[in-house]
Amino acid sequence: MFQGHLFSTLSICFLWKDIMSCDVNKLPAARLPGDFMIGGIFILHDRFANLSNRTYSDDLTCNRLTIDGMIHALAMIYTIDQLNNMNFLPGITFGYEIYDSCSDILKATQATLRLFPEIVQLKNSTDCNHTEIIPSVKALIGAQYADISAAISRLLSVHFIPQISPASSEEALSDKLNFPSFLRTVPSDTHLMQAIVKLIKTFEWNFVGIISSDDDHGLSVLHLLNKYFEQQQICAAFTKIVSSFDDDPSLHEELDDILNTIINSSTNVVFVFAKYSIVKKLFEKAIIRNISRTWVSGGTWINSRETSNIANIEKVGTVLGFSVHVGVIPGFSEYLQNLKPPVNGSTNLFLEEYKELRFGCDEKYKNYMACINSSRECRQYVPVVEKSTLACRLDNVSYTNDDYLVDLFQWQTAYTTVLAVSAIAQAFKNIVWKHGTLAKDLMVTPRQLLRELFDGKYKYNGATFEFDRYGNITNCGYNLINWQTKQSSTEFIIVGEYDINSNNLNVSKPLIQWSTSDNKVPFSNCTKPCSPGHFRSLSSQSCCYECIPCPEGYYTSAPDMDDCSKCANTTWSKSGSAHCEDRKIEYLEWENPLAVAVMVLASLGFLLLLITGTLFIKYNQTPAVKAAGGRYSYVMIISLLLSLTSLCFFIGKPNDTICQIRQPLYGISFTICVCCILVKSLRIILAFKFAIRFVHLPKIVYKPIIIIIVLTGVQICICTLWLILKRPTCKEIYTIPKVLVLQCDEGSYVPFGVMLGYIACLALACFILAYKGRKLPEKYNEASTITFSMLIYMFVWIIFIPVFMNTGNTYHSAVQSVAILASVYGVIFCHLLPTSYIILFKRRSNNRQRYLQTIRSYCGVTRATFPLTQKKFNIYGTQTNFNAGPEVKNFPQSKAKSMHNFSPGRKRRKSF
């Protein structure tokens, strides 16, 4: 960045003879001889009168005195005078030698070589034998602009001569490899950029304009600011570069172009990194064009009285800026009010120039005043320094003073210079003053002084400060300044503070005077904030975005959110919601029409079973009841009642207990029912198919109680393992918008399927037995009813699987309830109601003789075929003793004997 400055510096070094041969008096300076000399280079003038027509390099005539540079120099002089007056170092006087850089690198380099001629003396052999030089001027204070400070530092760093800048804040100067002897009493630009970013975040801006000067410092700040903007997702609405010289011919066009850009931009906040003279011209044009914005200072112009005193300055809008936190300089204001000509061999040419400009009377001013007094139209007279009302009225201006400098000067300008002088003086004292005694050897080398400056701690007016390893002052910060117009004058109000150590910005927002109609923070974003219920969808620029409504189930409760938050499982939101609402809880409620229908059918089935059971108990000795299963028909009825009871657990609000009861209750109860049907089928098959040929087989095979207990026990084991390994639980389902479905999760569908499959296997066994007994006696042939009931069961549960899987979660319970009803009603209609019908409406056929006749017909013999006098196999369940009829008497005894031998048994036996 400083290659150009390095080239200029090296060129000066080669031309040192010409430089040293020039007349020193051509360079305005202030000087006081002393034992310990401190140099100073400040911008006392900022223009050249003969830049284009000079004959050699240092033939430059500086003009236009600057108040800012003069305050730096006066602060340095004042501090050194105070040190001498207070006998800071007994026996040692401090002196100064101040030069004018005229805001030019070449001029500043010339001044440096005059201050430190030892560094370029050709006869000096220090570079060969590595002997340190002992310059007459021990240290330098300056300069203000970073590019000038960098050029000076490259010269001084060769011999580690300390340089302390009271104003240069460029971050590159912290590089100790290139600038090892450079220190400063202002924070680096890094801290300023961090403070600016904090300010932007505090007021929730993200779209700002930037105006920067075209010098090295302006470009460096711009680069650093863009780096922080990128990290913090802040965008520059525009970036404009402006000349750093206020007499540049193209400056007016540049300023007009900048203002046009501001008008066409949507941003309301503009950061300005430029010299106060440039800012002054910018504001003057903005006032004329009635452009009002929020202007944020990125430099020292925030403390410029010359800028703040512009007529109608309040029309530019809100002005904010950071100024280095400063303390009080005791007596300095009084010093500025009582400036006197130099004494005791000191010189101060710029002070004499100031007095002449302020109180003197030149020809132009005389003519202007004469024109004004004659009431004629006069050309505007713009003096370098505003004329006092005493001008042209005094014979001697050297001792004349007023409050002009006190009103204009910036405390930051003076305070940082005072700290620099104090640090050098105290560092020198730390070296030569040991144990209350002045050292005999006062030959302090630059390295010694530089090392002490880095290591020491210094005090001024009760404040302690030091330099870090990068040469930056610590224990410092910024004040946030707000320009506020009160009674036609602009005041600099501190509205916040930034601490560089904690990186914390505190802003007193109520103290800020905004230019908006409602005195609120201006909006300065690429797009308007997204309202709650929307989130930001970024575009090509990170701070420009589109507001997208949050999808269903998501929300944003605050504006400008980057992402939508998901609603809790128990809540829901529609698209574009700012909050979530409770879901509607759904389950198969008792009031649901489908649930009502299920319960009506279950109640009807319950009633039918109770009526049937009552009939069976009343007519329990009839052949119809005995043929229907006898006492096992009561077990069947109870199991069906339990199956219907299980429906109550499929309706209403579920919980873990209900979920764990309902499936096993149905599975076990209906298993018992199917087992009874299976025993019934087995009994008839054994009685008619095997009893005649295999006399003892029915006795061995037919164990109804054991069969029912074992087969039911298998189902109980299945259900028990299900409950132990992966039991059903109540599950909350959130897949349906706005609804929370409470449903029993079966835990695993494998045991659920095994449970139903086991019942299906029993039903299949019943079906096979029924098929085998399809040709049995009519009174005992229930093949069709068993077959039909079992087909109903299997058909229902086969259909149940796809219907269950494709039904909404809310109606899973309803689907299974219907399946259970169909299964139960299949048994009721196919097994129980036909028997009830016989009992009630076919009483004639419900007698013993009719059933025996059916048996005889099935066996295909006459009365003689069966020796009815014998006790035969009882298929009713009681002992049977047939009376002999005529047919039996005539029946051949041999056949009777033969039939008797095939009789299943002689003794009374229990029915199957």
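Here, residue 1 is simply the first one shown, and the rest follow in order.
Quick reminder: no glycine exception, Cβ is built from N, Cα and C everywhere.
Taken from TrEMBL, the feature signal peptide applies to 1-21.
What TrEMBL records for 594-620 (among others) is transmembrane segment.
Summarising the annotation, TrEMBL assigns domain 'G-protein coupled receptors family 3 profile' to 594-855.
Listed by sequence, the residues of this chain that lie at least six past the ends of the transmembrane segment (632-652) yet keep a Cβ under 8 A from its Cβ atoms are 587-590, 592, 595, 598-599, 602, 605-606, 609-610, 612-613, 616-617, 625, 658, 661-662, 665-666, 669-670, 672-673, 676-677, 679-680, 704, 708, 813-814, 816-817, 820-821, 823-824, 827-828, 831-832, 835. Sequence annotations record features per position, and here TrEMBL assigns transmembrane segment to 632-652 (among others).
If you look up TrEMBL, you'll see 664-688 (among others) marked as transmembrane segment.
According to TrEMBL, the feature transmembrane segment maps to 700-725 (among others).
Here TrEMBL flags 749-771 (among others) as transmembrane segment.
Residues annotated as transmembrane segment in TrEMBL: 783-805 (among others). Proximity of distant same-chain residues to the transmembrane segment (783-805), defined by a Cβ-Cβ separation under 8 Å and at least 6 residues beyond the stretch ends, is recorded for 674, 677, 680-681, 756, 759-760, 763-764, 766-767, 769-771, 773-774, 776, 812, 815-816, 819, 822-823, 826-827, 829-831, 834.
Marked as transmembrane segment by TrEMBL: 817-840 (among others).
Per TrEMBL, region 'Disordered' is recorded for 891-912.
Annotation: stretch 817-840 has the most Cβ pairs under 8 Å to the transmembrane segment (594-620), among 700-725, 749-771, 817-840. If one looks beyond the transmembrane segment (817-840) by at least 6 residues along the same chain, the residues whose Cβ comes under 8 Å of a Cβ in the stretch are 588, 598, 601-602, 605, 608-609, 611-612, 615-616, 619, 622, 624-625, 627-628, 633, 636-637, 640, 643-644, 646-647, 650-651, 666, 670, 673, 677, 782, 785-786, 788-789, 792-793, 796-797, 800, 846.
Within the same chain, residues 663-664, 667, 670-671, 674-675, 677-678, 681-682, 685, 711, 714-715, 718-719, 721-722, 725-726, 782-784, 786-787, 790-791, 793-794, 797 sit at least 6 positions outside the transmembrane segment (749-771) and bring their C-beta atoms closer than 8 Å to a C-beta of that stretch.
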